[in-house]
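Enquirer: Dumping what TrEMBL says about this protein:
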type	residues	note
ACT_SITE	25	active site, proton donor
BINDING	86, 106, 140, 141, 142	substrate binding site
BINDING	138	Mn(2+) binding site
ACT_SITE	159	active site, nucleophile
Ligand code: PSU
Ligand code: MN
């Protein structure tokens with residue numbers, strides 16, 4: 001019988017030797033960034049994780065398996081693939097059972113990482129409460145997954161297309177710790193500040209590893225969100241990005257875009273309106289998160 005969750009040889013070896021491993025998601029490759037920047041981003045992030053002492057494990061559904069760790073050929077195939085499913089908790093098993101290719105969102109990547117025994121995961125920004133949630137009921141399954149699956153997710157907060165205040169309120173309600181990394185205000189993805197005070201500020205990867213170990217010792221399960229502001233030289237000021245977000249949201253509504261299509265549409269529209277600036281920042285924030293996640297994985301492995 002073939003195992004349904006299959007680590008690559010490199011990831012399996014790292015896990016067997018208790019070396020640091022960082023999970024990476026694939027929806028950002030298939031639905032979050034255009035070709036060929038998506039492939040360059042994915043390759044660059046994998047190298048960065050290796051340079052920082054950890055083994056990268058990009059997670060994806062292919063050929064009836066949850067693959068944990070891809071070789072360069074698979075990465076290239078995925079970056080160019082069309083009709084890729086965007087998988088979350090609700091449909092991860094459908095992706096596997098149908099034999100189709102599916103990329104994993106934050107929620108599905110957390111499930112795959114946990115099944116493989118990986119404790120840290122780097123992404124861009126999580127999904128959350130959409131601005132029109134009171135009528136659309138669109139709240140990302142990423143939030144529930146953080147509440148139930150014990151993986152540390154390193155992000156630049158939640159994507160600023162969302163209602164950030166409501167998103168962080170929901171995380172608090174669900175008992176998900178939100179750690180601001182070296183910041184007193186939570187980041188807003190493309191910008192460093194959101195105007196929302198950081199609930200828990202920690203300033204080193206070791207402090208994050210100690211916090212996680214203490215949660216485990218207390219029997220507190222579920223994940224943790226580490227919010228890492230992007231480097232200042234790559235941020236877009238909130239008024240500038242705010243006007244592009246406003247325009248993209250208006251366009252989404254006049255084109256009746258909703259559900260799974262909402263986030264990919266908004267990211268693409270903001271990319272066009274900003275003439276590529278939003279993508280450049282997005283890539284830099286993912287790189288910065290990959291560096292921090294690697295350092296956290298190293299700190300966890302050396303405890
Ligand atoms: N971070 C990025 N770009 C992305 C995403 C994260 O920089 O495209 C993806 C993640 O996979 C996340 C998803 O889970 O966006 C959120 O989708 P939704 O709002 O439909 O839950
Ligand atoms: Mn949604």
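The backbone N, Cα and C atoms fix where each Cβ goes, and this holds for glycine too.
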Enquirer: According to DSSP, does residue 138 (Mn(2+) binding site) fall in a helix, a strand, or coil?
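Expert: In the DSSP reduction, residue 138 (Mn(2+) binding site) maps to coil.
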Enquirer: Determine the recorded positions, out of 25, 86, 138, 140, 141, lying near ligand 2 in the sense that the CB is under 6 Å from one of its atoms, and give them in sequence order.
Expert: 138, 140
Enquirer: I need the CA-to-CA distance for residue 25 (active site, proton donor) versus residue 86 (substrate binding site), whole Å please.
Expert: 11
Enquirer: Taking the Cα atoms as reference points, how far is residue 140 (substrate binding site) from residue 159 (active site, nucleophile) in Å?
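Expert: On Cα coordinates alone, these residues lie 11 Å apart.
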Enquirer: Quick one: pull the CA-CA distance for residue 106 (substrate binding site) versus the residue listed as 'active site, nucleophile', whole Å only.
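Expert: Here the two Cα atoms lie 12 Å apart.
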Enquirer: Let me check the 10 A CB neighbour count of residue 25 (active site, proton donor). How many other CB atoms are there?
Expert: 27
Enquirer: Taking the recorded substrate site as 86, 106, 140, 141, 142, identify the other residues of that chain whose CB atom sits within 8 Å of the mean position of the site's CB atoms, giving them in sequence order.
Expert: 27, 88, 105, 107, 108, 126, 127, 145
Enquirer: Looking at the binding-site residues 86, 138, 141, 142, whose Cα is closest in space to that of residue 159 (active site, nucleophile)?
Expert: 142
